[in-house]
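First up is the structure itself, then whatever we jot down about it.
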Amino acid sequence: MPPLSLLIKPASSGCNLKCTYCFYHSLSDNRNVKSYGIMRDEVLESMVKRVLNEADGHCSFAFQGGEPILAGLEFFERLMELQRKHNYKNLKIYNSLQTNGTLIDESWAKFLSENKFLVGLSMDGPKEIHNLNRKDCCGLDTFSKVERAAELFKKYKVEFNILCVVTSNTARHVNKIYRYFKEKDFKFLQFINCLDPLYEEKGKYNYSLKPQDYTKFLKNLFDLWYEDFLNGNRVSIRYFDGLLETILLGKSSSCGMNGTCTCQFVVESDGSVYPCDFYVLDKWRLGNIQDMTMKELFETNKNHEFIKSSFKVHEECKKCKWFKLCKGGCRRCRDSKEDSDLELNYYCQSYKEFFEYAFPRLINVANNIK
């Protein structure tokens, strides 16, 4: 097989935070089993062995949640042991982890650094913005713990990105958020659209990101980013980087920006495999990694159905001048009714207005980084 990438949930939906906008919480609430607990050692070894035996060239293990840190440091030390044990083909192995940061201490930071993990740290901006939606299970603020995690990552030279969820509130404070990240010298940023629960009415929650708010957010963020670029202070913002890749290469490395789905091989802690992190539902369970090869999982009827359903292009997109840049966007923003065709992207108008506003400057950046 070609190189393989997995998204793994070692603690299932378990988390020590209770973020108001958590999309995975809403997904797990709609499964027969809300949480599968911590991944057992036999599942971990079976997964590692299978991937290293079947992949060619390199492979990627990306740990998410819930909160993956809840699996414990010993779990990840065991992961490293198993990767060494079963890597007979001498593959290049990439490990990454997404965390809320509240449980990071010196030992965790040291481990992540020594084992070259790329880390995504969830932080929504300065204290008053971050704490609005990201509280722990007791309703307590989490900002100081997350800021401490960032300091430890810098101390131990852990490579990390900042993951910022864009809500109605954060969209209105993009200047304050960007300045804060700049003051902290965070150079790699991902701004992630806040998702309303799947198949619920969009825009009904206080945190819901409405199209008009997203339009303003993109324009304001781009102005700040572009000014820094002109001043020789380039900041990596994943969405803008993805647009530049599309302009220069015809496609993006970011999932959701190429218009059609691929199989992401999302592995729940019991070994169940799903095609996408946004669809870890009983309906889309492909099988179990303990019982099936990666090729068998990929070739299931459910996976083919999931991927094929993303191919249909909306009639509005066919005549849109921005389609080659947008490609219809992420499936999750086109899916509003269960068992029906995908619709026009919820943020279609936002993207149209943003492209009209920013495209000439995007081309200028692209020409300067060729």
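Just so it is clear, glycine is given a Cβ too, placed from its N, Cα and C backbone atoms.
Annotated domain 'Radical SAM core' per Swiss-Prot: 1-227, in sequence order, evidence recorded as sequence analysis.
Annotation comment: Swiss-Prot describes Cys15, Cys19, Cys22 as [4Fe-4S] cluster 1 binding site. In this structure, Cys22 ([4Fe-4S] cluster 1 binding site) belongs to neither helix nor strand by DSSP; it is coil. Proximity of Cys22 ([4Fe-4S] cluster 1 binding site) to non-local residues of its own chain (separation of 6 or more, Cβ distance below 8 Å) is seen for Cys15, given in sequence order.
Under the heading S-adenosyl-L-methionine binding site, Swiss-Prot lists Tyr21, Gly66, Ser122, Arg134, Leu195. Of all Cβ atoms in the protein chains displayed, 25 besides its own lie within 10 Å of the Cβ of Gly66 (S-adenosyl-L-methionine binding site).
Contacts of Cys330 ([4Fe-4S] cluster 2 binding site) defined by a Cβ separation under 8 A and a same-chain sequence distance of 6+ are given as Cys255, Gly256, Met257, Asn345, in order along the sequence. Annotated [4Fe-4S] cluster 2 binding site per Swiss-Prot: Cys255, Cys261, Cys276, Cys330, in sequence order.
Secondary structure at Asp277 (active site, proton acceptor), taken from DSSP and collapsed to helix, strand or coil, is helix. What Swiss-Prot records for Asp277 is active site, proton acceptor, and it gives similarity to another entry as the kind of evidence.
Swiss-Prot lists Cys317, Cys320, Cys326, Cys348 with the feature [4Fe-4S] cluster 3 binding site, giving similarity to another entry as the kind of evidence. Counting only residues at least six positions away in the same chain, the Cβ atoms of Gly259, Cys317, Cys320, Asn345, Tyr351, Phe355 sit under 8 Å from the Cβ of Cys326 ([4Fe-4S] cluster 3 binding site). The secondary structure of Cys326 ([4Fe-4S] cluster 3 binding site), as reduced to three states from DSSP, is helical.
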Quick one: of the recorded positions Tyr21, Gly66, Arg134, Leu195, Asp277, which has its CA closest to the CA of Cys261 ([4Fe-4S] cluster 2 binding site)?
Asp277
Tell me, how many other CB atoms lie within 10 A of the CB of Cys320 ([4Fe-4S] cluster 3 binding site), whichever protein chain they belong to?
19
Between the Cα atoms of Asp277 (active site, proton acceptor) and Leu195 (S-adenosyl-L-methionine binding site), what distance do you get, rounded to the nearest Å?
12
Residue with minimal Cβ packing [other Cβ atoms within 10 Å] among the binding-site residues Cys19, Cys255, Cys261, Cys348:
Cys255
Arg134 (S-adenosyl-L-methionine binding site) to Cys19 ([4Fe-4S] cluster 1 binding site): how many Å between their Cα atoms?
5
